[in-house]
Amino acid sequence: MNTLIAIIGLGILCLLFEIFDARKAIIPIVVIGLLAILGLDISEYNNPNTYYNNMLIVGKFSSGFSGLFIILTIFLVSLSHKFYENHQTKISDFIAIKIFLLAGAVAMVSFGNLAMFFLGIEVLSIALYVLASSNRLSIKSNEAGLKYFLMGSFASGIILFGICLIYGAMGSFDVTEISELSRSAELPIWFPIGIVLVFIGMLFKIAAVPFHFWAPDVYEGSPALTTALMSTLAKVVAVATLYKLVKTMNADISPAFQLIIVIVSIASMTVGNIMALRQVNVKRMLAFSGISHAGFMLMTLLSISKSSGTLLYYTSAYALAGIAAFSVILYVCKTKENEDITNFHGLGKNNPLMAAILTASLLSMAGIPVFGGFFAKLFLFNQAIQAEFIALVIIAVINSIISVGYYFKLILAMYTKEPNETKIPTPTVYYAVAVIAIVLNIALGLFPSFVLDLL
Amino acid sequence: MNTNLALLLLLAPFLGFLFNIFFGKKIGKTASGVVGTLTVVLSFALTLCFFSKINIDQQPIQIQLFNWIQISNFRVDFGFLLDQLSILWLLFVTGIGSLIHLYSISYMHDDENMHKFFAYLNLFIFFMITLVIGSNLLVLFIGWEGVGLCSYLLIGFWHKNQEYNDAAKKAFIMNRIGDLGLLIGIFIIGSLFPTLDYTTLKTAIASSNNLDISMISLAAFALFIGACGKSAQIPLYTWLPDAMAGPTPVSALIHAATMVTAGIFMITRLNYVFDLAPEVQNIIAIIGAVTSLVAATIALVQTDIKKVLAYSTVSQLGLMFLALGFGAYEIAVFHVITHAFFKACLFLGSGSVIHALHGEQDMRRMGGVKKVMGITFITFLLSSLAISGIPPFSGFFSKDEILMTAFHNNIALWVIASLASLMTAFYMFRLLYLTFFKEFRGTEHQKSHLHESPALITFPLIVLAILATIGGAISLPTGSWLNGYLAPLFSKEAHEAHHFGTTEYTLMAVAVLGGIIGITIAFVKYIKQNQVPAEDAEITGFAKVLYNKYYVDEIYDAIFVKSTNVLSRFFRDYVETSLSSLVFGLGKVTNELSYQGKKLQTGSIGFYLFVFVLGLCSIVTYLFLAQ
Amino acid sequence: MTNILNEIGIENYIFLSVILFCIGVFGVLYRRNAIIVFMSIEIMLNAVNLLFVAFSTYHQDAQGQVFVFFSMAVAAAEVAVGLAILVSIFRNLGSIDINNLKNLKG
Amino acid sequence: MNVSLLLIILLVGAFATYFAGDKLASKVALLFSLVALGTSIALLNAYNVGENISFFKYWINNPSVSYSFTADGLSLIMLLLTTTLTPLIIYSSFGNEYKNAKSFYALILFMTFAMSGTFLASDGLLYYIFWELALIPIYFIALIWGNGDTEERKKAVVKFFIYTLAGSLFMLIAFVYLYQKAGSFLIQDLHKVELSRMEQFWIFWAFFLAYAIKIPIIPFHTWQAKVYQKAPTVGTMLLSGIMLKMGLYSVLRWQIPITPIASKTYLPILIGFGIAGVIYGSIVALRQKDLKKLLAYSSLAHVGLIAAGCYTLNIDGLRGAVLQMLAHGFVVVGLFFAAEIIYRRFGTRTIADMGGIRTQAPKFASLFMILVLASVALPTTFNFVGEFTVLYSLYQINVWFALLGGTTIILGAYYMLKMYQQVMLGETNSKVFADVNFHETLVLVIIIAVIFFFGLYPRPINELITPSLDQILRTLNRIQ
Amino acid sequence: MIHIPDFAHASTVQITFCFLAFITVITAFLAIFSRNPIHSALYLVISFFSIAGHYLLLNSQFLAIVHVIVYSGAIMILFLFTIMLMNLNKENEVHKPRITRLGAIVSFCLICIVLILVFINSKPIAGEYIATGEDYQSIKVLGRVLLNEYMVPFEFASILLLTAMIGVVLLSKKEKTEK
C-alpha cells in the first residue's frame, strides 16, 4: 500500500518539477525516489497485510513482483534521459506517465478487489496507448497507438464483461470472497464464463495467440523506448496479473481449461517463434519473441499452486534480458530511421561490449545456460513435467530450438557482417543500464535460489 | 642374460633404424649402409648363439617383459618365445637379411636416399624378428603389421612415381584384409581359451576335453585368411607381383625370402590349432595347390624378369601351403628354407642383371649377358636348377617331399602340384635362356656398359647359390635333421620319413622327369627355335589371358575398388547432401512457414479483431458448449 | 417492495446486454471510420454497464452500481485518449479511415 | 586440493587472457593452460594417494541442484586429455596471426573450462550447463575466425549450433524427468532411480539424441564435415580432439548407467549405428577433395567404432572405447595440425593442389606418416590398443560385428594412405614447401611420443580407468 | 430458459422493458449502419438515453442521471466536436471490402449465437429474486460505498484520469522548439 502511495506521490512530484522548471533534476530524483520505493517495497515483503477493506492485498507475491516492476522502471526511466533529448519540454510528462503506469502495474499485482484490478489495467493501458503514439509526427507511431488503442479497448470491454459476469454470479468484487464462494458447488454458469472472458482479455494483454496480432505492429511502430517498456514491463505485469487472477479466483482449474491453456501456450510459442524467423525489424522480431515467451509463461498456470516463484524468476530473467537488449537497440538505432537488422551489421567490431551484451541477452532469451533465461526455462519445464505435461515440454523445447534461429540471425549480423558506418559514441547511461541489466541476469543464473525462493 | 641377449637381438636392427633415420644422411651413404648391415649381422650372431644353446638343452627360452594390453578375461604381455621354430626362422631371416644388406650397399649406392633405404630395411628386420620371436599372437601381430608397413615403405621407396606408390598402397591394403582375418582369429582364440600365449594355448588345447571344434575351425580359417594375405595366396595374391616396384633387394628379402613366409610361420606356430580343423586344412591344401598352378601359368608368359620371379614365389608359396594343408609342417618349413635360399639368390641375380642394364627389367630387351656376367650366371643357374627340382639341389628334396605327401593324401592335388613344378622348370629356364643366352637385344648404350657386378653384389650371390645347392642336406629323405629339430613343436609324431618303396622312387623319378621336360621345352623353344616373346600388342589367345594374369586385377578393380569408389561418390554426392538437406530442410520448412505466416499479419485491425473473436468463440464453445 | 427482476427476469437483461455487446463488436469489425469504431466500443461498455446495474438489482447490492462509475471514468478517459490519438492521426494523414493504417504488417 | 581449483584456474585464465591484450594473449593462454595441466597432474596424484578431490556445495534449493564435482579415474583421464591437448592446441596456433587474439584465446580457455566442467560435474544439471557452455565458445571461434566464404560458414556453423542444441535440449527434458523421479540431480541418486521400461526407453533416446549429434553417430553427423572444414584449425582440433569425447564420455557416465534396460535392449541397434558410421565414414572419406573434410569423415569413422565400443556394455568395450578416445584425441589433433601446416605454406586445403611434398620436407613427411599410421591403428601405437580392445569387445557380442567393425582396418588404411599419397608423394611440387619449424616439430613430436608411449604401455591408464568402468558396469547390472 | 414476454398479459414494466430494449438495439444498429457520422452519433445518443431508461426502470435514478450527463453530455459531445473538427460530416466513407463485411457479419452472428447459447444452456435461476427491501441504490448509500469501501479505487480512478489528461496533453501539445 505504502509502495503504491509513494509511487503516485513520486509521479505527482514529477509533475511539480515541471512547474518549478527543474527538468534536469527529474530523472535523477525519480531514479533515487524509485530506489527508495524499492526499499519500501522490500520492507513490505515480510509484512503481508490487506488494506482498505481488502482493496489491496500486499504480500510476498505482490511485493516480489512490484520490486521487479520498480527495477524495470528504474532502467526505463534512466534510458529516458537520452531518448527524450529532443523533447525536453515533455520529459516530465513522459516520466510521470511512466510512473503512473508503474502505479497501475503495482495495483494490478496487489489487487484485492476487481475494481482495483480493472482500474490498474486501465491506467496501464491508457499510459501505454499514449506512449505508443507519443511520437506524434510519425505516422507509424500514430498507427501503432491507434491499433493498440482500438484493440486494447476492445479487450478492456471483454474484461469488463467478464468482471460483470463474475459479479453477477458472486455479488461481490472482493477476490477473497469470490474465492471462498467459488468453492461452493452451486454456481451460476456466469462465473466460469466471466473468468474465461477475463482470461481472454488478459491473454490479449500478454499477447498470446490468437490474440497476439497487435503486438508486432504496435512494437514496431512505437518509439523504441516504449517498445522496451511494452515488451518488458507491460508483458510481465500482464502475466503476473493473469497468474494472480487465475490463482486467487479459481483454485482448481478444470482439465478442459488446462487444455485451453496448453493449446494457447503451444500456439503462442510456435506462432511467435516461426513468425520471428523472417523478420527484418529487430523490434518486430522481439515482439514475436515476446509472443513465444508469453506462451512459455503461460505454462506456469498449469501448476498454479506452486509456480509463482518460477513465474517471478522467468519474468525477471526475460525482462532483464529484454532491457539489456533494448538498451543496445536504442543505442544502435538512435540515429537511424528504423530498427532493421542491417543497422546491427558489424557491431561486434564497432562496439564489442554492446555486441557482447546484446549477444548475452539474446542467449538468455534463447535459454542458453548460465544466463537467467536458461534456468527460467528449466524451472518451468521442471514444473510442467511435475504436472505431467511432457508433450507440452517437448514442444516447448522444439520451440526453443527454433528460437535460436532468429536470435542467432542477429548475432550473426553483428559478428560476421562488415559495419556500415563508423563508430558512434555511446552515451554512458546506455552502457550502464545494459551492463547492469545483463549482470543482474547472469547473477540470476548464478544464484537462482535468491529469486526463486522469494515466493 | 637371455633376456638381455634377446632384447639386443631384437633391438639391434631397431637401433640401426633409428641411427640411420637421424644420422644416416650425415655420415654418408656407405657408412650408413655399413651400420645397417652390421646391426643385422649382430642379430645373426646372437641368433647363432641362441641356436647353439637350444641345440644343447632343447628347452625353449621364454621371456616376459611387461604387461601390454589388458582384456577382461586375459592379458597380453610383451614376451618372447625362443624355441626351435623361431630360432630357425631367425637364422635365415637374419642370415639372408645380412647378405641382402651387404648386397644393397652396392646396389643402392646411386640412390640419394640410401640411408633411408637402410633404415627401412633395418626396421623390417626388427619387425620380422618381433614377428618370429613374439611369445603370443598379439606380439606376432605387431611384427605382422610392422613388416607390412616396411613392405609399404620399401615398395614405395621411389615415391616420386605414383605407380609405385599405388603398388605400395595395394600391398598394404591387401595385407590388411588378411590382417582383419588374423585379428578375428585372434579374437576367437582369445575368447575360447582365454589366452593368446602360444605355450599356454598349447597346454590349454591339450588339456581341454570339450573343445568347440566349430569355433576352432572358424578361428583356423580366419587365421588362414591372414596367412593368405601375407603369403600371397588366392585370393589375396595380386599385390605380390605389383610389389616388384620396390628395389630388387627388397623383393629378394621381403617378397621372396622372409615376409611372405610369415603366413607359413604362423600356421606352423599354431599347428595344434590347425590340426583340430581338418576341413580348414583341406581348404588350405586346395588353395595352396590352385595358387601354385595359377601363379605358375601366369609366370609362363611374363616378360618382366621380376614379375616372373614374383609369380614363381607365389607358386612356391602355394606348394608350401599344400604341405601345410596336409599337416606336413616340417616339410613346409623345409621348403621355406630352401626357397629362401634359391629365390633370394634368383632375385639378387636378377637384380645384378638389372643393375648392369641400368634398370631394364624386360627380358625381351636382354639376352646374352652370360658372357660378361659369369658369376651372376652361374649362381643363377644353380638356383634355377634348385627351383626346378633337379637333384641334388636343395629344391629337389623339399619339393619332392611336398609332392610325395600330396600323392599320399590326394592324387588330384598331386597332379596339380606336379604340373606346377613342370611349369616352374619351364619358366625358370625360359627366364634363364632369355636373359643370359643368345645375343643382347637391348640398346647399344646398355650394351656398352654391360659389366659384371662388384664383389659386394656377387658375394651374397655366391653364398646363396651354395646354400641353394646344398641346402637340401638338412632334411634328406634318408635321415632328416630338420624333422628331428622341429619335433618338439608338433603334437603328433611328425610324419616319419616315408618308407622308401617303389612308389616313392617312381614319384621321385616322375618329379625329376617333369623338371627335365620343362627345361627341355624351354631349351627347344628359346635356344633351338630362338624365339623371343612377342611384344605386348601381339600377344593373342590364351597367352593374352595369361599375360594379363587372368585379368584378376581388373576383376578385383571392377568389383571392389570401382564399386567402393562409386559408392563413395554416391554417398558423398547424394546421401550426404540429402541427409544434410533433410536437416536443412526442417529449417527451410520452418522458414517457409514463417514466410507464409507473414501474410497473415495483414496490418488490418478488422482482421485482427476477427481472429480475436474467433478465438474467443472457440474457447467459449469448447468450454461451455462442447462439454 | 419487490424486486423488479421478478417481472423481467435477469436472463432478459443478460440477453439484451449480450446483444448490445455483440452489436458493439460488430461495429468495431464492420466500420472503417475510426470514430464510429470508438462509438461501437462505447456501446460495448454501455452494454456491460447495463448488466452491472441489472446484477446490482439482482443482488440488491450497491457495489455493482459503484463499479459503473469506475467504468464510466474509464470510458471517459479512453475516449479522451482515443480522440487525441485520432486527432493526431488526422493531422498527419488527413483521414481517419482505419483501412489506411496498414503500414505496419508482415 | 580439489577439482574446483582447476576450473577456477581455467576461468581466471580466460579472463586474464582477455585482459592481457592482443599481443600477450597467446602467451598468457599457454601459461594458464600449462598451469591447468600441472594442476590436473597434481590432482591425479592426489587421487592416486586416496585424497578426496571432489567438491560439493549446495546451489539451488528447489529444484535441488548443487555444485558437485567428483573425479574418478574416468573423469580424471578425460580431464588430463583436455588439459594436455589444450596447451598443445594453443601452442600449435603460434604460427598463425589472429585478429582480436585476446578474445580468441580467451574463448579457447573458456571452452576448456566448460569441457573440463562437463567431465567433472556429477550433478546432472551442472553437467548439462557445462555441456551447453562448451558450445558457445566454439560457435564464435568457428564463426569469427573460420575460413572460407562467410555465408557458407555461417550456414554451417549455425546449423551445427542449432543441431547440437536441439539434441541436448532433449537431454535436458530427460534430466528434468529424472529429477521428478529421483528428487535430485546427483548422479548417485539418478543411478538409484527405478524406472519402468517405457520410461527408460524414452530417456534413453532423449540422451541418445544429444550424444548422437555431438559424437556424431550417423545419420546425425551432417554438421560435422562442414564445420570441421570451415572452423579455424584450432577450433577443429578442439572439436574433434576433445568435444566429441564429451559425447562419448557422457554415454558412459550418464546414459548407460541410468537406463540399463534400454541400453541392453537396444544394444545391437546401437552397435549397428556405430559400425554403420565406421563403414560409411570410411567410404565417404575416400573421395573427399578437401583435406580437412577427409579428416572429418575419418573422425566420423573412428568415433563410430568408439561409440560401438561404448554400447557393447562389457568391460572390454568400455575400456577400449576410453583408450580409443584418448588415442583418437591425440592423433586427430596431430592430423589436423598437419593439415594446418600444409595450409600455412600452400594456402590451400584442396588435396588436388598438393602432392610432392615429401621430397621437400622429409621431416614433416615422416611425422605425418607416423600420424597416418597411428590413425590406421598400427600395432604399438596407442590407437591399436584401443581399436583392438574395442573390436574384441564387439566380437564378444557377435562375430559379425567384429568383422564389420574391423573393416575400419582395411578401409581406414585405404583412405588414409590414399590421402597421404595424394598429399605428400609424387613428383616434387613446384611450390616451395619449407620443412617444419621448431614449434611445429615440437607439437607433433609430443603427440607422437604420447601415442607410442601409451601404445606400448597403456597399463597406467588401464589401472586408472578400470575401477571407474567396473563401477559403471555394476550400476548397469544392478537390475538383472 | 428464455421466456418470451407474453404481451397479452404483460405488465407495464415488461412492456417498458421491451420497448426500451427495442429502442436500444435498433438505435445501436442504426448508429453503426448510418453512413453519416453525425447521424451515428445522434443515434447513439438515443441509444444511451434508452439505456438511461433501463436504469430508471431498475430504479437507480442517480446512475441514470450520471449516465446521461457523462455519456450523452460529455462523451458524445466530445465525439461530435471531433467529427466537426475533422469535417467528417460527409457520407464519403467507402465501404469496407465485401469480404471484411462478411467477416464482420459472420463474427457478429458467431459471437452472438455462442454467447446466447451459453446463457441459454445454463440452468435458469430458480425461485424468487431476493428483495431485501434495504436501500442499496440511493445517492446516500452509493456515496457511502464509494467513499468508504471503494475509497482506494475512487482515488485511483483519479490517477487514471490524471494519466489520461497528461497523455492527451502530451499528444496534442505543440513542442516548443528549442532555441
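All residue numbers here begin at 1 and follow the chain in the order shown.
Yeah, the Cβs are placed from backbone N, Cα and C, and that goes for glycine too.
Automatic, uncurated: that is what TrEMBL annotation is.
Annotated domain 'NADH:quinone oxidoreductase/Mrp antiporter transmembrane' per TrEMBL: A:113-403, in sequence order.
According to TrEMBL, the transmembrane segment annotation covers A:25-43 (among others). Non-local neighbours of the transmembrane segment (A:25-43) in the same chain are 2-3, 6-7, 10, 13-14, 17-18, 63, 66-67, 70-71, 73-74, 77-78, 80-81, 91-92, 95, 99; each lies 6+ residues outside the stretch with a CB under 8 Å from one of its CB atoms.
Within its own chain, the transmembrane segment (A:55-79) is flanked in space by residues 1, 3-4, 7, 27, 30-31, 34-35, 37-38, 41-42, 44-45, 47-49, 95, 98-99, 101-102, 105-107, 109-113, 115-116, 175-176, 225, 228-229, 232-233, 236-237, 240, 244, 308, 312, 315-316, 319, 323, 326-327, 330, 429-430, 432-433, 436-437, 440, 454-455, which lie at least six positions past its ends and keep a Cβ under 8 Å from the stretch. Positions annotated as transmembrane segment by TrEMBL: A:55-79 (among others).
As annotated by TrEMBL, transmembrane segment applies to A:146-169 (among others). If one looks beyond the transmembrane segment (A:146-169) by at least 6 residues along the same chain, the residues whose Cβ comes under 8 Å of a Cβ in the stretch are 114, 117-118, 121-122, 125, 128-129, 132-133, 178, 187-188, 190-191, 193-202, 204-205, 211, 213-214, 217-218, 221-222, 249.
Remote same-chain partners of the transmembrane segment (A:189-211), defined as residues 6 or more beyond its termini with a Cβ less than 8 Å from a stretch Cβ, comprise 121, 125, 151-152, 155-156, 158-159, 161-170, 182, 234-235, 238-239, 241-242, 245-246, 249-250, 257, 264-265, 267-268, 270-272, 287, 290-291, 294-295, 297-298. Taken from TrEMBL, the feature transmembrane segment covers A:189-211 (among others).
Per TrEMBL, the feature transmembrane segment maps to A:223-243 (among others). Within its own chain, the transmembrane segment (A:223-243) has Cβ neighbours under 8 Å at 65, 68-69, 72-73, 76, 79-80, 83, 98, 101-102, 105, 108-109, 111, 117, 120-121, 124, 128, 131-132, 134-135, 138, 141, 199, 202-203, 205-207, 283, 286-287, 290, 293-294, 297-298, 300-301, 304, 307-308, 311-312, 315, 318-319, 322-323, 326-327, 329-330, 333, 339, counting only residues six or more beyond its boundaries.
The annotation transmembrane segment is assigned in TrEMBL to A:255-274 (among others). Proximity of distant same-chain residues to the transmembrane segment (A:255-274), defined by a Cβ-Cβ separation under 8 Å and at least 6 residues beyond the stretch ends, is recorded for 196, 203, 207-210, 212, 288-296, 298-299, 301-302, 389, 392, 395-396, 399, 402-403, 406.
Taking Cβ pairs closer than 8 Å, the transmembrane segment (A:286-305) reaches residues 206-209, 212, 215-216, 218-220, 227, 231, 235, 239, 242-243, 246-247, 253, 258, 261-262, 264-273, 275-276, 279, 311, 314-315, 318, 322, 325-326, 365, 377, 380, 383-384, 386-387, 389, 392, 396, 399, 403, 406-407 in its own chain, all 6 or more past its ends. Under the heading transmembrane segment, TrEMBL lists A:286-305 (among others).
Here TrEMBL flags A:311-332 (among others) as transmembrane segment.
What TrEMBL lists as transmembrane segment is A:353-375 (among others).
Positions annotated as transmembrane segment by TrEMBL: A:387-408 (among others).
Beyond its flanks by at least six residues, the transmembrane segment (A:429-452) meets 71, 75, 78-79, 81-82, 309-310, 312-313, 316-317, 320-321, 323-324, 327-328, 330-331, 353-354, 357, 360-361, 364, 369-375, 379 of its own chain at Cβ-Cβ distances under 8 Å. Look at TrEMBL and you will find A:429-452 (among others) tagged as transmembrane segment.
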